[in-house]
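Peer 1: Take a look at this one; I'll ask things after.
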């Protein structure tokens, strides 16, 4: 225990001493109110002051710095510390309260005689703290025990020693100085605003309805922290039973409770003891349970009535109807109940006959000699190597699997024994000498070759699926739907058209002939008076073989002519070429305009544009056209601009066409345009007959285009004729 607690406990006991008549009053009356308790707590403080004044002259050795506890402050703090003391005090039992009150009355009676003893003991030195604690511990069980204490107990002596250690209370000097400074005024005013919902009056009506509804609101859990005492448990159990007259023990318990409350009110301000653990409380409560309380409780209960015995004759056995098990046949359990679509059909041959089940081949029992031969095959190296030749070729990359392959080749039926023997042989190869192995191999006989070893493994599973050839749609004409069949080409009358005649291809032309035809423009023959008909044919051949665009007018010199013999050969080749070509027949549909076979649904509507006719010109702009007609200068022509003006050399080239140089001629010679009118007309006709020239749709535009082509083709034809 702390020394402060040791000091506080005896002080409270001393206060209880001189007020014994008050305790007797409590036995007769009910518990008094709080103001009466306060008045009682102030009286012992006055007595304590008188005692301390008597002890003062005898105390010389104590220093002034000792802790002092004024009685005034103790009396003020007493009502505040009631709650603390009640929680820390041990709940007393019913029996222990009676002797306590008696002992306290005796202590209070002997309190007067204890005062001179305190003065005598003050001269001696104060006892040690350890002694005080021992005295206090010995005093606590004295309170709980109902034994009668002596005239002057150890508690009184401890209190006397404790009082001697206390000094006088310090006198507090009141400050009488007056404030002479300026007056302090607080202009700020505070207004109290009550919070919403702090009281029930401030709650809105809608929220009150929600609070009244207790649906879904979990209530607070019951307080299980407070253990019920034996008296509370007895009262709770006996509340259901009604008694005619209350027992004498009930009156005593009420008086004891009133005295306990009065004692707690007086000693609450000073006692600060720790509460005992729960285990000790339970033990004390169990000890305090007496036989008298149990007897009183059992007396309130009535006698137990005996239960009537049951007669076995009155019991009747109930007969349950026995359920009969009926076996219901399920669908598919018998072959008759299986639908015909789902019945298993027996396997049949191609002819439709059912196949007979194959007889299982039973393995022949091996004799002891055969078993020994099979087991000893792995030890014979010569036989093992012969059979190992094939698998070793496959497993050259994996050397670790060679002994297993040997074991597979040697063993035919007993795979397990062979595998064990192969592992044993592979491990014992390095340990067993060669002589022993050879001696063992000589004792073994030779194994006959099995004819089935070299045969490939056949699959025993026979598949029922058969391949059926089905004709695909469109594979034959009969399988093609009538909508998708190809229709024969027919005339307008509905007659089938005859097959088109295949045109005979032109004879293959040699490279020499093509080169001569292409280089004809660069060379001039000796005989310039060649017939016009041959030139026309040659131009047609060249235009068909080579591209239809005119050759560029290059100023490259032709190959030098060695002799007149070459000219004769060229003439002969041209004559042969012209003879091979027949006369061209005129096509009646040649000059007809080309018609579009695609018929467009969109019709082109001709709309007059603004200014296309005189009627569509606005009146504001008509005077401009009138001025131009009268002779006002219009827009300058494109040819008059300096940008588009051509040089005199270019104009001269346009006017006079040039002919290529020949070996006989040293310079370019100008050929007049109207030198050979017949030859030029033939050339223009041949140019117009070429397939590249497209006839325009409009007739007026076609005439203009033909005129322009004739003008451009005239100078080119003149140049070719001269060559």
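Just so you know, glycine gets a Cβ as well, placed from its N, Cα and C.
As the structure is a computational prediction, the values presented were derived from the model and not from experiment.
According to Swiss-Prot, the record shows the following:
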type     : residues : note
COMPBIAS : 46-84    : compositional bias 'Basic and acidic residues'
COMPBIAS : 157-173  : compositional bias 'Acidic residues'
COMPBIAS : 195-216  : compositional bias 'Basic and acidic residues'
COMPBIAS : 249-263  : compositional bias 'Basic and acidic residues'
COMPBIAS : 306-367  : compositional bias 'Basic and acidic residues'
COMPBIAS : 378-396  : compositional bias 'Basic and acidic residues'
COMPBIAS : 445-504  : compositional bias 'Basic and acidic residues'
COMPBIAS : 562-571  : compositional bias 'Basic and acidic residues'
COMPBIAS : 586-643  : compositional bias 'Basic and acidic residues'
COMPBIAS : 701-723  : compositional bias 'Basic and acidic residues'
MOD_RES  : 137      : phosphothreonine
REPEAT   : 171-224  : repeat 'Inhibitory domain 1'
REPEAT   : 307-359  : repeat 'Inhibitory domain 2'
REPEAT   : 449-502  : repeat 'Inhibitory domain 3'
REPEAT   : 586-642  : repeat 'Inhibitory domain 4'
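For each feature listed, report its degree of burial, its nearest neighbours and the pertinent distances within the displayed model.
Peer 2: With helix defined as DSSP H, G or I and strand as E or B, the compositional bias 'Basic and acidic residues' (306-367) counts 6 helix, 2 strand, 54 coil.
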Peer 1: Work out, from DSSP, the number of helix, strand and coil residues along the compositional bias 'Basic and acidic residues' (562-571).
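Peer 2: Computed counts for the compositional bias 'Basic and acidic residues' (562-571) are 8 helix, 0 strand, 2 coil.
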Peer 1: Across the repeat 'Inhibitory domain 1' (171-224), what is the average pLDDT of the model, as a whole number?
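Peer 2: Averaged over the repeat 'Inhibitory domain 1' (171-224), per-residue pLDDT gives 79.
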